[in-house]
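What follows is a single structure, written as structure tokens, with notes after it.
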Amino acid sequence: MATASPAADGGRGRPWEGGLVSWPPAPPLTLPWTWMGPSWGQHPGHWGFPALTDPSASPAASLGIFEVRRVLDASGCSMLAPLQTGAARFSSYLLSRARKVLGSHLLSPCGVPELCSISTRKLAAHGFGAAMAAMVPFPPQRYHYFLVLDFEATCDKPQIHPQEIIEFPILKLNGRTMEIESTFHMYVQPVVHPQLTPFCTELTGIIQAMVDGQPSLQQVLERVDEWMAKEGLLDPNVKSIFVTCGDWDLKVMLPGQCHYLGLPVADYFKQWINLKKAYSFAMGCWPKNGLLDMNKGLSLQHIGRPHSGIDDCKNIANIMKTLAYRGFIFKQTSKPF
């Protein structure tokens, strides 16, 4: 797996290929919102304001984010001024003012770049104002919505055949804000092996009472279609794509069970993003242990119970949000059926 590199593309990633990108582009910035996320720095892991970084600067000569703010405020250079005069030029404004005010103080990656990694909620909490907190801290994605999906299915040791979906969760993730806007979540009654095995219950946390009397897969698929229509996801002008942790859910499990039951597979299930591949493009390593490795690699806390479909979806969404904040542009990884 390869990552986008500054040298390979003139210092900028290519959003249509998926990878880390340098943002914003050269001024003037024409988008209606301001991206304060990553730009290529002078060493791996450096996010934002590379021009403020001098690799020869000693730690003693470095100023942290709050020291920078204090010095700027004391000099009458409000860090909110760019919001009133053109937020798109925020970084260049801060660069010029910081250089004038701070003089010989050189800023290290633990200084001003910290401004870029702080969340918009924290910006508001630290007094940077609601206007800054409201800015969207992500580069534009190729899709309006990401549909995060993670099935749980009947299982045992040795494996039973055919496996049947017993939990069907979907999170609708806004591609601009990377926030969850809607949730579809249903349990499914298995019909070939209606009795869950102890192994299955221990692995997934799903007990027999949670699937007894629930709709069949055919009925659940009909409700998924109704939900998709209600959420505006079937509009041809709305671009959406499913996201899974691996290819199993939509390449193996759903088409396999639908084939067994003689059910059609909707076209929207035939393209997806494999988060493992996206993560490997962004981070340069393959997550052998799936969500656990991805959360660890991004210093994220695992949400909920492993192998709970809905909790796994929340973890996927959180990982996607973190990668997007770092400048990753998601693209389809599945091949056409």
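Glycine is no exception: its Cβ is also placed from the backbone N, Cα and C atoms.
Listed in Swiss-Prot:
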DOMAIN    146-320  domain 'Exonuclease'
BINDING   D150, D249  Mg(2+) 2 binding site
BINDING   D150, E152, D312  Mg(2+) 1 binding site
ACT_SITE  E152  active site, proton acceptor
BINDING   E152, H307  AMP binding site
ACT_SITE  H307  active site, proton acceptor
In three-state DSSP terms, the structure that D150 (Mg(2+) 2 binding site) belongs to: coil
Residues satisfying Cβ distance under 8 Å from D249 (Mg(2+) 2 binding site), sequence separation of at least 6: L149, D150, F151, W272
Count of other CB atoms lying within 10 Å of the CB belonging to D312 (Mg(2+) 1 binding site): 26
Cβ neighbour count within 10 Å of E152 (Mg(2+) 1 binding site): 24
Where H307 (AMP binding site) sits in the secondary structure, as DSSP reduces it to three classes: coil
Between H307 (AMP binding site) and E152 (Mg(2+) 1 binding site), the C-alpha gap once rounded to whole angstrom: 7
Cβ neighbour count within 10 Å of H307 (AMP binding site): 18
